[in-house]
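Notes follow once the structure below has been shown.
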Amino acid sequence: MQTFNIAVLSGDGIGPEIIAEAIKVLDVVQQKYAFKLNYRTFDVGGIAIDNHGTPLPEATLKGCEESDAILFGSVGGPKWEHLPPAQQPERGALLPLRKHFALFCNLRPATLYKGLEKFCPLRADISAKGFDMVTVRELTGGIYFGQPKGREGEGANEKAFDTEVYHRYEIERIARVAFETAMKRSKHVTSVDKANVLISSVLWREVVCDVAKDYPEVTLDHIYIDNATMQLIKQPEFFDVLLCSNIFGDIISDECAMITGSMGMLPSASLNEKGFGLYEPAGGSAPDIAGKGIANPIAQILSAAMMLRHSFNLNDAATAIENAVKNVLAEGHRTADLADESQPLSTKQMGDLIAQAVE
């Protein structure tokens, strides 16, 4: 029997509540599909600051190193906002984890599920068509990490600067992820750049075109970032796989999230070249609803499904979870973020229904 070790980092806010439901669903799936998951829990984020004085303790990092994947909840909250930026939960935990494990690729699916069209902020005739896309975002290069960056001078001559840097190998490896992802979907990649202005985007487009030659079955088109943000509003159904640099992917993936109607529905995966990944919901720690038992656990549950698919190659088990979510939603069950006039389900009730729906 295949056995996998998972580092469970519940974190802060709603993290522990939604992680509990993801594990509940994983426990059902591992019994039905004959594999074994070993969980080890570690502090991260604000709770780690409270208990250990740092958002990413050595024991947590070591536990992650000894695991096959990281199932991550959420970090942060008002309690720790007074700390220096580098010591705050988000910057002091997530960014070091991404760097330590060389998590260069972020996958963010965005799907408008049947029955949830009315929660989409787009016009009814657009949302009625539905959409199912994934953003493939380069995560470790680009303007967020390029050097030099800084501030200097004073008075009217004071200036600040950042540098957008991309190497050919960085673009090539993220492009290959996008094309491989498209091969398992609708075979369509849209590469987002600003090649009419930025030299880094000129190289980006050249390398993407080179990689595309290895995938003749995949349709490739290019779109400028400004036009991409417009077309996502006008015709989201056109897109399948969106390939983006770090900063453009940051923008696009959040726009995709917004048009689905709820951040509580959106999973994500951050992967390295060896298939090791950190899996987390796209939303934040939501301290305003933490402890109330009303958070939507679906994003966390779907993140667990992504873990089974991308790190463990358990595609059937992952699909079983995704189908369970679709079926529960199709039956009209909703948590508070998606409730209309019906009585909303609690976090636990939604987790129970999805676990029961796994086939």
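Positions of Cβ are set from backbone N, Cα and C atoms, glycine also.
Classification of A286 (NAD(+) binding site) by DSSP places it in coil, neither helical nor stranded. Swiss-Prot lists 77-90, 284-296 with the feature NAD(+) binding site.
What Swiss-Prot records for R98, R108, R137, D226 is substrate binding site, and it gives sequence analysis as the kind of evidence. Annotation for D226 (substrate binding site): same-chain Cβ neighbours under 8 Å, separated by at least 6 residues, are K194.
Feature annotation from Swiss-Prot assigns Mg(2+) binding site to D226, D250, D254.
Under the heading site 'Important for catalysis', Swiss-Prot lists Y144 (among others). The Cβ of Y144 (site 'Important for catalysis') lies under 8 Å from the Cβ of D162, N246, I247, each on the same chain and at least six residues away in sequence.
Residues annotated as site 'Important for catalysis' in Swiss-Prot: K194 (among others). Neighbours of K194 (site 'Important for catalysis'), defined as other CB atoms within 10 A of its CB across all chains, total 20. Classification of K194 (site 'Important for catalysis') by DSSP places it in coil, neither helical nor stranded.
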R98 (substrate binding site) CB neighbourhood, other CB atoms within 10 A: 17
DSSP three-state assignment (helix, strand or coil) for R137 (substrate binding site): strand
Nearest of the binding-site residues (E81, P89, D250, A286, A290) to R108 (substrate binding site) - Cα to Cα: D250
Neighbour tally for I294 (NAD(+) binding site), based on other Cβ positions within 10 Å of its Cβ: 19
Chain-internal residues near A290 (NAD(+) binding site), provided their CB is under 8 angstroms and they sit 6+ positions away: D12, G13, I14, E17, G77
